[in-house]
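*Asks:* Can you read through this structure? Questions will come right after.
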Amino acid sequence: MLSFNRTGVSHTVFYLLGIPGLEDQHLWISIPFFISYVTALLGNSLLIFLILTRRSLHEPMFLFLCMLAGADIVLSTCTVPQALAIFWFRAGEISLDRCISQFFIIHCIFISESGLLLVMAFDRYVAICYPLRYTTILTHTLIGKIGVTIFLRSYCTIFPIVFLLKRLTFCRNNVLPHTYCEHIGLAKYACNDIRVNIWYGLFVIVSTVVLDVLLIFVSYMLILRAVFHMPSQDARHKALNTCGSHVCIIILFYGPAIFTTLTQRFGRHIPAHIHILLANVCVLVPPMLNPVIYGIKTKAIREQVAHLFFPKQK
C-alpha cells in the first residue's frame, strides 16, 4: 500500500459489482428494479403533468408535491439504469469523475427531498392553524423562493465533499460492492486519512436530515395541539386526514434510511448483500410509492386522474 501511495498511483476507473454474493441472481433481482423504475417514472410524470396543467391543483401543497415528484424522477434515473446495466450486461465500469458526479446528485436529491418534507410539514401547519391566511402566507413567489433555497442548501452542503474526494489517492481495490457510488463507500478505498470525510459527512447529515426530522416532529406536535383544540370531531378528523398522505411519505422516506444506517453501524454480522439491498430500497421504494400514496389518499388528485382517463365519468 505504501509503495502505491508514494508513487502517486491512483485508480481513475472503478467497477461496480451490483449485489455482492448474489451475482447469479442478478437477472431475477433486476425484475423488481425495472418495475419500480417504470412505476416511478410513470407515476411521478403523471403527478407533475396533472399539477402543472390543472388550475385546481395550483395550491401550495400540490406545488411542493410537484417538486418532490421531480426529485424522485431524478433520483430513480440516477441510480436504477446503472443498476440494470450491471444486472443485464455486467456493465459496471465507471470513471472516478462519473462516480463522484453520481454520488453528488444522489446526495443532493436526498437532502432536497428531506427539505421538501420539512416544508410540506410547515404547509400542513399553516393550513390547519391559519386556514384563512393559508394562500396569503404561502404565495407562489414564496414557494418559488423556498424551492430555490432547498436546492441551494443541498448543493452547498454536498459540494465540498467533491473536493474532499478529489484530494484522495485511490491506491487500494477499485472494485465497489454496490450498484451505485456513495461517499464513504468510495473514500474507504483511499490510502489517505479519511477522517475529514467522515466528520464532514456526519456534519452534513446532522445539519440537514437530522435537523429536518426534529423540525418535522415539532411541526406535528403543534399541529396535534391545534387539532385537539378544535370544537368538533368532524373538524379534527378532516384536519388529521389532510396530514395522512404526508405522514405516510415521511415514514416511507426516513424509515428505510434510518434502518439502513442502523444496520450499517451495528449489524456487522449481517451479510454484505443485505446492506446493499437495503440501500437500494431507499432509492427504489419512495419514488415508486409516493405518487401512489398521494393518488389514493388525496381526493383532488383522484378526481383529476379519473377525469383524465375517464372524461365522461367525471
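Just so you know, glycine gets a Cβ as well, placed from its N, Cα and C.
Here TrEMBL flags 43-294 as domain 'G-protein coupled receptors family 1 profile'. Under the heading transmembrane segment, TrEMBL lists 27-50, 62-88, 100-122, 142-165, 198-223, 243-262, 274-294.
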*Asks:* Residues sitting near the transmembrane segment (100-122): Cβ under 8 Å, six or more positions beyond its termini, same chain?
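*Replies:* 61, 64-65, 67-68, 71-72, 74-75, 78-79, 82, 94, 146, 150-151, 153-155, 157-159, 161-162, 165-166, 180-183, 186, 204, 208-209, 212-213, 215-216, 219-220, 246, 249-250, 253-254, 257, 283, 286.
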*Asks:* Please give the sequence-distant neighbours of the transmembrane segment (27-50): residues at least 6 beyond its ends with Cβ less than 8 Å from one of its Cβ atoms.
*Replies:* 18-19, 57, 65-66, 69-70, 72-73, 76-77, 80-81, 83-84, 87-88, 280, 284-285, 287-288, 290-292, 294-295, 301, 304-305, 308
*Asks:* Mind pulling out the one from 142-165, 243-262, 274-294 with the most Cβ pairs under 8 angstroms to the transmembrane segment (62-88)?
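*Replies:* Comparing 142-165, 243-262, 274-294: 274-294 has the most Cβ pairs near the transmembrane segment (62-88).
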*Asks:* Under a Cβ pair cut-off of under 8 Å, which of the recorded stretches 142-165, 198-223, 243-262 contacts the transmembrane segment (274-294) most often?
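*Replies:* It is 243-262, which has the most Cβ pairs under 8 Å.
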*Asks:* Pop the mean pLDDT for the domain 'G-protein coupled receptors family 1 profile' (43-294) in here, whole number is fine.
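*Replies:* Reported value for the domain 'G-protein coupled receptors family 1 profile' (43-294) is a mean pLDDT of 92.
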